[in-house]
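Enquirer: This is the structure, below, for whatever I ask next.
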Amino acid sequence: MWVTKLLPLLVLQQLLLHLLLLPVAVPRAEGQKKRRNTLHEFKKSAKTTLIKEDPLLKIKTKKMNTADQCANRCIRNKGLPFTCKAFVFDKARKRCLWFPFNSMTSGVKKEFGHEFDLYENKDYIRNCIIGKGGSYKGTVSITKSGIKCQPWNSMIPHEHSFLPSSYRGKDLQENYCRNPRGEEGGPWCFTSNPEVRYEVCDIPQCSEVECMTCNGESYRGPMDHTESGKICQRWDHQTPHRHKFLPERYPDKGFDDNYCRNPDGKPRPWCYTLDPDTPWEYCAIKMCAHSTMNDTDVPMETTECIQGQGEGYRGTINTIWNGVPCQRWDSQYPHQHDITPENFKCKDLRENYCRNPDGAESPWCFTTDPNIRVGYCSQIPKCDVSSGQDCYRGNGKNYMGNLSKTRSGLTCSMWEKNMEDLHRHIFWEPDASKLNKNYCRNPDDDAHGPWCYTGNPLIPWDYCPIFRCEGDTTPTIVNLDHPVISCAKTKQLRVVNGIPTRTNVGWMVSLKYRNKHICGGSLIKESWILTARQCFPSRNRDLKDYEAWLGIHDVHGKGDEKRKQVLNVSQLVYGPEGSDLVLLKLARPAILDDFVSTIDLPNYGCTIPEKTTCSVYGWGYTGSINFDGLLRVAHLYIMGNEKCSQYHQGKVTLNESEICAGAENIVSGPCEGDYGGPLVCEQHKMRMVLGVIVPGRGCAIPNRPGIFVRVAYYAKWIHKIILTYKIQQS
């Protein structure tokens, strides 16, 4: 008060006004809490509701638009005559049902309901604590030494001041262990033993409920906080951070609620956070004592070939496909990285051997070439498929097995629900007697095997992981001397020794990863790009890092600013097994003009006559140290598969999914940096993309023609994808 006597009244008024106008500083944790979506505090059980057998248990219901609104009212107990422990959101009727009980309450049971989603407050059902356990509201009522707890509203045998009425919001119910003051040691209780006043309860930390093995890829525990204490963002939410790890898209990754997971091969489990300034952080989860792994978690170890994606490959191949030696995993030269033996202890990162520690498409390594960061060891053969597996003959149109999952793990959708979509892309009435339940089938005579529809709007359909029966193989040689079907209708691969081109190549695409050119591609529709699978080595890469540049001649966009179009990639669609193709769906359609155009696809199954002159395009390595960044073209002529095999000294046997082309006399052709680019041929004055550049066996080697993916063999698949996948409107 002495200050008011010393300061003139005017000065005091100005001081008070200044203090009132000062911005309020909100601590980070508190600020985060205010922005927090309360739905993160609930455990979701999809297509589930609760049925109460006890008529005395109350229920409150009201129409609301979203589950988030239901959660907000449940957490705040706003307008509810009880403490809300769970709620059900009726998606069909847009209605909330709030409960003072949950699935663990006596006289309550779960029941399937397609239109319902059950959300239970985690604090009331979790069997572990976070930090000091101040939020724990579970039902443990035994102390660490096994003594039964005294009820909180009782004074026998111990008198105390911890009455439920004095600690509202702390849930001092029954005789359950609690930590109302957030003290060290965790939840506790007064005991029923007159000799022991109180004792802590033996409730584990959530980080210790389930330990992790290896890098935690199989961790399915309940940890929902990062190692710095930040709350995890729900996997089925896109705020505050947008991401691609949607539960319906990755059903086998354990994306339950907002629990820590490791879907992309990081050193350990992590999660997106609710802090807008911190996209993601690692979680503190203890390692299992003996790092034992379930049999289902361990990839099959091989040394001479790769099984699946090669995650279990333990051989000694130590060069990438073109012979460049691998960098040691424990070295940071010439490439710095965090995929070290210390971070990936169970991935056998010995020496410089090819490995697949992060779930990429196949074994790979960092290379000793400073200009090539990563290379794939695609020269390692695939292991033979066991004849005992479920298999199909021909193209699988008569397959009648019971498999009902796609190659990406999605459950197939019932055929009867998708007949309208099926009729949209076939011109005959399918045999409904074969379309049993949701089993994999091939009603449209797809050349690449059985498939099914899914319930995922992002992936309307996909192939099933069924292989052709042993002994029933595709013909390996295509004789191009026979009458042919006309094709026309009424690390980086680079073109070596090509010449600069400014011809009309508006369909040519430069794919950028973090603003660096990595691959070529072809614009085949306004919203679709055809490129090579090797350009996207992992399904788990964030598509936000990729851009498609169109309308450019210079790979850096110099001088092309007015005509350049830069588009984001919204989705990858992987081609049939073994195709090496990828279709990219653009976030918005390209605008066709004088500088951007589409290129035609060939007729399905067509072949181009031998000695037809075609062209490959790319921005890759040119054989010169001073690469000018300009688009290059190299002219090649089509070569029959049998003759092509001879040029490769019989070491390569081509099949009908491949096409061969080589240069006449001069050393010219695609090389590192042009993956995904097109082999373009002209027939009846119509230019078409006949091939796609994929990793070969060296760059423009004399008398060694290039082998490309034959687009005509996959033309029906491309048309089917374009027809069935919805286009995002900008």
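Residue numbering: from 1, along the chain as shown.
Placement of Cβ uses the backbone N, Cα and C atoms for every residue, glycine included.
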Enquirer: C70 has a disulfide partner in Swiss-Prot; which of C96, C128 is it?
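Expert: According to Swiss-Prot, the disulfide partner of C70 among C96, C128 is C96.
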Enquirer: Mind checking which of C391, C412, C535 has the disulfide with C469 in Swiss-Prot?
Expert: C391
Enquirer: Do you know which of C412, C487 Swiss-Prot records in a disulfide with C452?
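Expert: Disulfide pairing in Swiss-Prot: C452 with C412.
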Enquirer: Cα-Cα, whole number of Å: C326 (disulfide bond) versus C288 (disulfide bond)?
Expert: 32
Enquirer: Just to confirm my parser: what is the rounded mean pLDDT across the domain 'Kringle 1' (128-206)?
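Expert: A mean pLDDT of 93 is what the predicted model shows over the domain 'Kringle 1' (128-206).
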Enquirer: Under DSSP, is C128 (disulfide bond) helix, strand or coil?
Expert: coil
Enquirer: Filter the disulfide-bonded residues C149, C211, C440 down to those whose C-alpha lies within 10 angstroms of the C-alpha of C201 (disulfide bond); answer none if the list is empty.
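Expert: Cα filter at 10 Å returns C149.
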Enquirer: What subset of the disulfide-bonded residues C206, C283, C354, C377, C412, C452 lies within 10 angstroms of C519 (disulfide bond), using C-alpha positions?
Expert: none
Enquirer: Select one residue from C128, C469, C660: among these disulfide-bonded residues, choose the one with the most other Cβ atoms within 10 Å of its Cβ.
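Expert: Answer returned by the neighbour count: C660.
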Enquirer: Can you tell me how far the Cα of C535 (disulfide bond) sits from the Cα of C412 (disulfide bond), in Å?
Expert: 28
Enquirer: Quick one: of C177, C377, C391, C464, C469, C660, which disulfide-bonded residues lie within 10 angstroms of C189 (disulfide bond), measuring between C-alpha atoms? Sequence order, please.
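Expert: The disulfide-bonded residues passing the 10 Å Cα test are C177.
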Enquirer: Just going by other Cβ atoms within 10 Å, which of the disulfide-bonded residues C206, C391, C535 has the emptiest spot?
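Expert: Each of the disulfide-bonded residues C206, C391, C535 was scored by Cβ atoms within 10 Å; lowest is C391.
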